[in-house]
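Taken from TrEMBL as is:
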type	residues	note
DOMAIN	205-412	domain 'BAAT/Acyl-CoA thioester hydrolase C-terminal'
ACT_SITE	SER232	active site, charge relay system
ACT_SITE	ASP327	active site, charge relay system
ACT_SITE	HIS361	active site, charge relay system
Amino acid sequence: MAVTLRLLPSARCLFDDLLQVKVSGLRSRQVVALKASSTDDKGVEFRSSATYRADGLGELDLHRDPSLSGSYVGVEPMGLLWSMKADTLHQRFQKTNSLKPNVVRFSVHEVEGRGQGEGRTLAELVAERLMMADGVQRRPVKDGNVRGVLFTPPGPGPYPAVLDLYTFGGGLSEKRAALLAGRGFVVMTVALYGIDDMPKNISEIHLDYFEEAIEFLKKQDKVKRVGLTSLSKSGDLVLSIASFLPNIDATVWINGCSANTVFPLYYKKKQILSVLPFDVSKVVSTESGAFITKNAIPDPAAEENRASLIPIQQASGRFLFVASEDDNNWDSPAFVDEMTQRLRHHGKDNFEVLICRGSGHYLEPPYGPYCASSFHGFLGKPVVWGGQAKSHAAAEVQLWKKIQEFLRAHLSCDSTQEKAKL
């Protein structure tokens, strides 16, 4: 009997779809190695491998059967995906282009004598994990000063709308915006610099730019209410947008800071927030060559830092504060404590908190390779992001569901939302 490798419901799926990996046609109790590999948008290959034992019928089901050894152990249905690593240190899986699917090569291999070596290939399968669901429209935006990409679900709407500030560095990352559109949101992701006719670098940030982007988003036919999503540095940007600009109904803050960081913030040509200082002397080196920056940011609420503290008590919308317990970029849980205490002090309870146990800084849409360390744009060196691969992967699944629930609850529209189907 030929060995068969299957991905259910299909080898063509969305990036954030849960897959069921099954193998049949093996010998009873046969030990095999399952492998996965994928090349990111920068041409870096990531790989994983795990050893499994078939059941009495010669079948494997990764939803049921545990990995005995390899890149991970235990029952981990998506372990072959989140455990993939590059051969070189400090690599983050780059998937920013929504037009090209994430291609993953799965294979099954014989394991020779007592697991000491790999034999012939028994079965292979190529999966295409799409960023855009069928029917989602992608439209490049070049309107006034705004540069970005707009994703719109099929159907008449109206839909909850999101301004997605996924990356702070130059350029665009379309992954989260495209995936959210596939789940029933109108989403625009914007660049701050580094694309088209925008500056290659910046020394200050202007809130007016986001105000213009939000006005553009609100003019779209299927849009009524607008929310914000963020990650890392863009966390303080969405806090400022929600605090200084009107009609932001929901804000998702993920592992950011409660004060303005990196660049001064301006509005109407006047500086409204200074920069929270960064103490390079408190950056710690590790044996891997990467650094830990967790303690390099001072207390945002200290009197000497008040000019950079974002007045979130002014915001009228709802907040979802998400912090990784093991964030090594900075102390995100401490920032959440500071913000929730401040809001309560002002008599406000317009927030929810999610603390992700055992996870690191880079919380992304689920089922991508875990990033332990990579290049830090501000520091100019590789940093340790924190977390453990298994718990970080579980946190991303939990968070992805929570983000969608939160945004739907607080950006609800009159008509029933239609979820885009692949």
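Along the chain as shown, residues are numbered 1 onward.
Positions of Cβ are set from backbone N, Cα and C atoms, glycine also.
Remember, TrEMBL labels are computer predictions, not curated facts.
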All chains considered, the count of other Cβ atoms within 10 Å of the Cβ of ASP327 (active site, charge relay system) is 24
Please list residues from the chain of HIS361 (active site, charge relay system) whose Cβ is under 8 angstroms from its Cβ, counting only those at least six apart in sequence. SER232, ASN255, SER324, ASP327, ASN328, ASN329, SER332, TRP385, GLY386, GLY387
Cβ neighbour count (within 10 Å, all chains shown) around SER232 (active site, charge relay system): 27
Given the model, what does the mean pLDDT over the domain 'BAAT/Acyl-CoA thioester hydrolase C-terminal' (205-412) come out as? 97
